[in-house]
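Single-structure report; data block below.
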Amino acid sequence: MQLLHHAQLVTMDEESGGYGLIEQGALVIEAGRISWIGPETDLPAQYADATRRDLGGRLVTPGLIDCHTHIVFGGDRAREFEMRLEGASYEEIARAGGGILSSVRATREADEEALLAAALPRVDTLLAEGVTTLEIKSGYGLDIDSELKMLRVARRVGQLRKVTVRTTWLAAHALPPEYKDDRAGYIREVVIAGMERGHAEGLIDAVDGFCEGIAFTREEMAGIFDHAAKLGLPVKLHAEQLSDLGGAAMAARHGALSADHLEYLGQDGIEAMAASGTVAVLLPGAFYTLRETQYPPMAALRDAGVPIALATDCNPGTSPLTSLLLTMNMGATLFRMTPSECLAGVTRHAARALGLKDRGRLTPGMRADLAVWDIRHPAELTYRIGFNPLHARIVGGELV
């Protein structure tokens, strides 16, 4: 039993509003979970003999959660970055066989060890900023063996590092060249057949897809989600990034955990997400990298009570970003989110976007995933740029 005391505790408890800050707070950890939290002066006598750790007045938040990444991939797309700056659009690059497909070639060619060696430094950068839970998608293999290879690497990341990894099946990311004239065949023979195999092997925690004019239609994704439901797998969707195809509303009707990107989200989608409790995951790194001008409908999302999360969207083409702290600053600066909304977006709401009910808040019964910071006010996490004030990570009650 551990007692962390002399701390400012940022509980992110929804009922408290804002940060849920407890000044001069203490919390007790037993068996990897929070058993008590409150002002230090209110500490129950039963915890008096706990092993004490004085945090020196530091700030403690829930461990950060990056709920949308593509962090396992082969190669890089630095040349594509140059092409965009020379005037080529995301759609033009994709239709010319670049974009996602260039990462597909490199990922197919790489073995598991090479993919793991490339992914771990990216993961370590996130962990160094207080991340304790991480989502990792497939989506750069686009054949069954390569997609499952990516998910095996993702599972190994969780074994080799002190971080919870949630894996997502994203075979419906793009059409590979060998199926360019057989969309139905790809969905049947790779997306669905691979989903069944990956589920049987215990590699899939959720199912995702890219609903866009350059990817998959709303109707195609609905069929994929119907199959995921038969397997008992939750779903999420890349939606309304480049146009409004009604993907978010469709995903919400399927009970999606989240709909992500959402720059072109319309009122129908907002209302459907509010009704289903689907989280809006905003990805300012992609917005920034692509130099987009269409903003997510922040005011309408707030008014409807849609929970809003933030994530890095770490990927080689449109968001080569491995800083959740910078993502928070982008959420505030680009999308006009408040600092408390940004912190909720990488804790409480990010946990909800992954279907995790045991983290993202500092309340009794929650998993003891914590980040300890050398700052005095939680707004500093969003306000400061290029600054990492992490003092320590605590994962499942263990200091790492």
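Cβ coordinates come from backbone N, Cα and C, glycine included.
Annotation for His70 (Fe(3+) binding site): same-chain Cβ neighbours under 8 Å, separated by at least 6 residues, are Ile136, Lys137, Gly139, Tyr140, Leu170, Asp313, Cys314, Asn315, Pro316. Secondary structure at His70 (Fe(3+) binding site), as computed by DSSP, is coil. Per Swiss-Prot, the feature Fe(3+) binding site maps to His68, His70, His238, Asp313.
Annotation for His68 (Fe(3+) binding site): same-chain Cβ neighbours under 8 Å, separated by at least 6 residues, are Glu135, Lys137, Ser258, Asp260, Val281, Leu283, Ala311, Thr312, Asp313, Ala353. As annotated by Swiss-Prot, Zn(2+) binding site applies to His68, His70, His238, Asp313.
Using a 10 Å radius centred on the Cβ of Thr318 (4-imidazolone-5-propanoate binding site) and all shown protein chains, the other Cβ atoms total 26. According to DSSP, Thr318 (4-imidazolone-5-propanoate binding site) sits in a coil region rather than a helix or strand. Sequence annotations record features per position, and here Swiss-Prot assigns 4-imidazolone-5-propanoate binding site to Arg77, Tyr140, His173, Gln241, Thr318.
Look at Swiss-Prot and you will find Tyr140, Asn315, Gly317 tagged as N-formimidoyl-L-glutamate binding site.
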Per-residue Cβ crowding (10 Å cut-off), top of binding-site residues Gln241, Asn315: Gln241
Span of the N-formimidoyl-L-glutamate site, taken as the largest CA to CA distance across Tyr140, Asn315, Gly317 (Å, rounded to a whole number): 11
Packing count at Arg77 (4-imidazolone-5-propanoate binding site) (other Cβ atoms within 10 Å of its Cβ): 22
Residues that sit under 8 angstroms from His238 (Fe(3+) binding site) by C-beta distance, when 6+ apart in the chain: Asp208, Gly209, Phe210, Cys211, Glu212, Ala215, Gly247, Asp260, His261
Cβ within 8 Å of the mean position of the Cβ atoms of His68, His70, His238, Asp313: remaining residues of the chain near Fe(3+): Thr69, Lys137, Asp260, His261, Leu283, Ala286, Ala311, Cys314, Asn315, Ser319
Per DSSP, three-state class assigned to Tyr140 (4-imidazolone-5-propanoate binding site): coil
Nearest recorded site to Gly317 (N-formimidoyl-L-glutamate binding site) by CA-CA distance, among binding-site residues Arg77, His173, Gln241: Arg77
